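**Q** The structure under discussion is supplied below as C-alpha cells; questions concerning it will follow.
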Amino acid sequence: MAAPDPSLVPTTTISPDPAQVPTPVLEAPAPVNTVEIAPRSSAPSGGSDNKPTDTLTAPSTAATAAGSSSVQPPQDELQSSLTKKFTADEWKALVEFRNELPSIFSSAFPDIEKAKAEITPITIWGVSVDPVNPRQDPRVSVILMKFLRARNLSIREAGAMLINTLRWRASFNIEAALKEEFPQEVFGNLGHLFGRDKGKRPVVYNVYGGNQDLKAVFGDVDRFIRWRIALMERSVDQLDFLEVDQTVQIHDYEGVSLTSRDANSKAAAAEATNIFQSHYPELLYKKIFINVPTILNWIFWAFKPLISANTLAKMSVVGTSHHSIKKALSELIDISELPTRYGGEANAF
C-alpha cells in the first residue's frame, strides 16, 4: 500500500512520493491498468537494426566454481551505485523490460508514426530514455526499475504503468505547470523544498496548519493539482538517479483541526492520490508525520493492519512534543540542515 500524499486533505476512503486535515490518508495500491503492450517487432524501424543486444551475462567459470549462480548484468552495462544494488531477479526483469521499450513507446503515443515512436527518446524526470539503447545511461535503468518494483517485477504490468504515465505526462503538460506562477498568499507557506537528509535525499516539508487559508488553497481544485504536481516535479528534479533516487517527506499537522475538510479538499485529495500512486512510483524514502495530536495518532495507527510492511517501514508518526520532533527528525536530518522551528540550526521557512 502506498503512503499518503503529503499535501492533501484526508478523505474518508482508504486510498500515497509526496492532507490538509487530521486523518491521514492511507492509500490503497494503484489498480493495475489493462493497457496492453503492442507486440514487439524483431527490430524497430528506422535504422535500429543495429540496436545492441540486451542480454544477461552468465556467471563466470570462477564464480560458478565458487558456488555463485547469480545472474550478472550485460558485460558492457554502464552502472552506478544504485544499479549495483539490483538483485539477479531485478536484472532479469530489467533486461526484458528494456527490450520492450520500442513497443511501449509506440503504444503510449499511437498518434505518432509507429516507426518513429519506436526510436524516439522520451524525457521523464529529467532523464532521456532512448528506447533503442537504454542501457547507455544507468539513470534509465534506475527509473525503469521503479516501475518494475511497483508492479512486483511484472513486465506486462510495469509496461502498462509506464504507458499510462507517459500519456498522463503529455496530457497534463508538466512544463506548463512548472512555469505557472501561483499566488504566494495562497501557496507560499504550504510546501517547502529545503535541505537534504543524511543520505543526501532532498527533503520536502508540507505545512498544513498555521495560517493556511484552506478555502483559498482548495477553492480551485485544478489549480491546486497543478501546484502540487509542480512541487513534486521540483523535488524529483533534485534527484540524480545515480546515487540518490528518493525523497523525504515531512508532514506538519500543527494547528490542523477535525473540521478542516470540505468537498473541494476531498476532491483534491482523491485526484492527487491517484496521480502520485499511478505516475510517481517508488520515489519515497521516508514519510514522517509531526505535530500529530493524540486522537489523530490513534486514528492513523488504527489502519496499521491495512498497510503493507514495505510502506509501513517508511512511515512514522510523532506527537506534538518539541523534544520528540527534534529527536525524530535529527536522526534522519543533520542539525545543520534542519529548520530551527523543528530544533535545528537552519534558517528556513
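Backbone N, Cα and C define each Cβ position, glycine as well.
As the structure is a computational prediction, the values presented were derived from the model and not from experiment.
When I checked TrEMBL for this same protein, it listed these features:
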type     : residues : note
REGION   : 1-83     : region 'Disordered'
COMPBIAS : 53-70    : compositional bias 'Low complexity'
COMPBIAS : 71-83    : compositional bias 'Polar residues'
DOMAIN   : 174-349  : domain 'CRAL-TRIO'
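Please situate the listed features within the shown structure.
**A** Mean predicted confidence for the domain 'CRAL-TRIO' (174-349): the pLDDT average there is 90.
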**Q** Under DSSP, the compositional bias 'Polar residues' (71-83) has how many residues in helix, strand and coil?
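**A** Its residues divide into 1 helix, 1 strand, 11 coil.
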